Amino acid sequence: MPTINQLVRKGRTPQKVKSKVPAMDANPQKRGVCTRVYTTTPKKPNSALRKVAKVRLTNAREVITYIPGEGHNLQEHSVVLIRGGRVRDLPGVRYHVLRGVLDTQGVKDRKQSRSKYGAKRPK
């Protein structure tokens, strides 16, 4: 516990808040190129084949990103836009691919929550 005099001399230094999405450099989205597209299995209580992609960003960082929605057209060398947001049951996956932007197509036949999956309004 510091004395009043020590606080007057030094003051308290505010704690640094560690970023949850360090590769974004405080940007809302970042562009990158897929270096590997693959599936992986989630943590213990869940079971599935989750679609993920390793992406090299424009700031030369490599991150693992989740591809949301049913079905995708991504492959190696696809140019994607990513946003922050982790996937709770996939360790190390802290980013999401934005659907319907750049080389990523929107989810086909999507009726609800379309804006999140880049789907156009059905006729």
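Each Cβ is built from the backbone N, Cα and C atoms, and glycine gets one as well.
Per Swiss-Prot, the features are:
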| type | residues | note |
| --- | --- | --- |
| COMPBIAS | 9-19 | compositional bias 'Basic residues' |
| MOD_RES | D89 | 3-methylthioaspartic acid |
| REGION | 1-24 | region 'Disordered' |
- Of the residues in the compositional bias 'Basic residues' (9-19), how many are helix, strand and coil by DSSP? 2 helix, 0 strand, 9 coil
- Message: Tell me the coarse DSSP state (helix, strand, coil) of D89 (3-methylthioaspartic acid).
- Response: coil
